[in-house]
Amino acid sequence: MTHFIKGQWHTGKGHDVASSNPANGEIIWRGQTATAEQVNAAVDAAREAQFDWFILGFDARLKIVEAYRSQLEANKAELAETIAQETGKPQWETATEVAAMIGKIGLSASAYNKRTGTETNDTPAGRAVLRHKPHGVVAVFGPYNFPGHLPNGHIVPALLAGNSVVFKPSELTPKVAELMVTLWEKSGLPAGVLNLVQGEVDTGKALASHPQLDGLFFTGSSRTGHLLHQQYAGHPGKILALEMGGNNPLIIKGVADIKAAVHDILQSAYISSGQRCTCARRLYVEQGEQGDALVAKLVEAVKQIKVGPWNAQPQPFMGSMISEAAAKGMVAAQANLLSLGGVPLVELMHLQAGTGLVSPGLIDVTAVSELPDEEYFGPLLQLVRYSDFDQAIKLANQTRYGLSAGILADSREDYEYFLARIRAGIVNWNKQITGASGAAPFGGVGASGNHRASAFYAADYCAYPVASVEADAVSLPATLSPGLTLS
């Protein structure tokens with residue numbers, strides 16, 4: 001059964017689809033896409049259930065969400081294995097994804113109270129009360145790279161705020177979505193509060209364009225996000241939250257511990273096979289002996305990165321990319337950089353036909369006069385050698401994106417200089433730029449989003465403020481306004 005609508009599982013009425021383990025091509029899930037009629041039924045179910053869910057109150061909603069957390073805890077091994085099978089990521093990494101999903105419950109409850117709770121103040125005009133109310137029915141579009149954690153980061157705060165949800169996962173990770181929704185079902189969520197529709201572009205279009213949606217929360221490619229933004233233009237009454245990745249820079253300046261710096265570069269560029277929106281795509285290293293030494297150590301370390309299937313022993317650092325098509329896309333991206341004058345220090349290789357397994361790549365693009373401003377979503381790092389710190393920052397800012405950026409530098413003064421000038425929503429110092437705290441906002445500027453930061457600030461786009469001035473009874477003021485007479 002592929003779709004979950006109004007508390008019931010349904011077979012899709014569209015065409016057959018399947019998902020496979022990208023490391024070996026094994027089919028691990030089959031189903032049928034949702035038709036426009038089924039999408040409509042899911043939205044109708046969400047609309048019907050939404051007010052009763054809201055009127056339960058926060059404490060009752062939280063109790064059910066905490067029951068979901070218990071389900072995640074009880075099923076974390078199965079969920080981690082399912083994510084690993086369907087995405088190709090190593091199991092050590094998917095275990096951390098499930099842990100983040102579990103942690104999201106407490107963080108979201110805290111964010112609800114701190115960002116969108118209730119506040120009362122006595123004023124001369126009366127009692128001023130600030131409350132927050134849910135938007136209504138929202139769609140959540142999930143990505144394939146974190147098929148559990150990222151949609152979970154929208155769904156949990158949306159439900160806590162009192163919204164109902166229609167969830168459309170990536171067509172590449174339907175099995176993970178099905179398991180997630182099964183755990184929500186076991187948590188006692190009322191029918192219609194969370195609905196699941198699986199499918200490809202047509203299903204997504206039917207949901208995104210549905211007139212009864214009050215909002216849409218999206219994590220994915222810049223191209224799709226920009227199309228959604230255009231589609232929602234002229235609809236100011238609908239909330240749209242977009243997270244669309246980045247062409248993220250990492251600058252190295254004056255670092256004594258080269259080994260530690262190389263480690264942070266590897267974690268920034270190659271974790272998740274480079275399939276994190278915060279991954280470093282561009283690396284800026286000083287010219288000179290120290291920079292030469294760092295590059296030499298980096299080349300050696302990149303060549304030694306272990307790549308393999310999700311369940312390989314000993315465990316690899318990098319698993320498979322999401323698909324063979326994604327792997328071929330990275331080979332093509334590398335070829336383009338080389339054609340522009342890039343020099344391969346470590347060549348990215350497609351390791352096995354029919355799979356998404358690739359080795360990591362490192363390309364020196366210092367001689368390339370105009371780098372393509374593209375998010376190469378895979379383990380391909382572009383190296384630029386620089387002679388001037390201001391030049392490095394200027395080059396780092398030459399992108400339409402603005403998600404994450406970082407600097408590895410022993411000098412705090414260098415960091416503060418960089419922090420004041422770099423344009424990004426996540427800026428790290430002496431830490432991998434793929435590291436972000438769930439207790440902080442997560443989002444970027446420029447083409448990386450639309451100023452709707454998620455993580456701790458997801459509460460902000462899940463509810464709207466309602467300001468009230470109140471009194472327990474109607475009463476006359478001590479003095480009437482000029483020109484008024486009441487007899």
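Cβ from N, Cα, C; glycine included.
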Swiss-Prot annotation of region 'Disordered' - which of the ranges 1-23, 70-92, 208-230 it falls on: 1-23
Cα-to-Cα gap, GLU243 (active site) vs ARG223 (NAD(+) binding site), nearest whole Å: 11
Shell of the NAD(+) site beyond GLY220, SER221, SER222, ARG223, THR224, GLY225, same chain only (C-beta within 8 angstroms of their C-beta centre): PHE218, HIS226, LEU227, LEU228, MET244, GLY245
Secondary structure content of the region 'Disordered' (1-23), with strand meaning DSSP E or B: 0 helix, 11 strand, 12 coil
Residue among binding-site residues GLY220, ARG223, THR224 with Cα closest to the Cα of CYS277 (active site): GLY220
Three-class DSSP secondary structure - GLY225 (NAD(+) binding site): helix
Per DSSP, three-state class assigned to GLY220 (NAD(+) binding site): coil
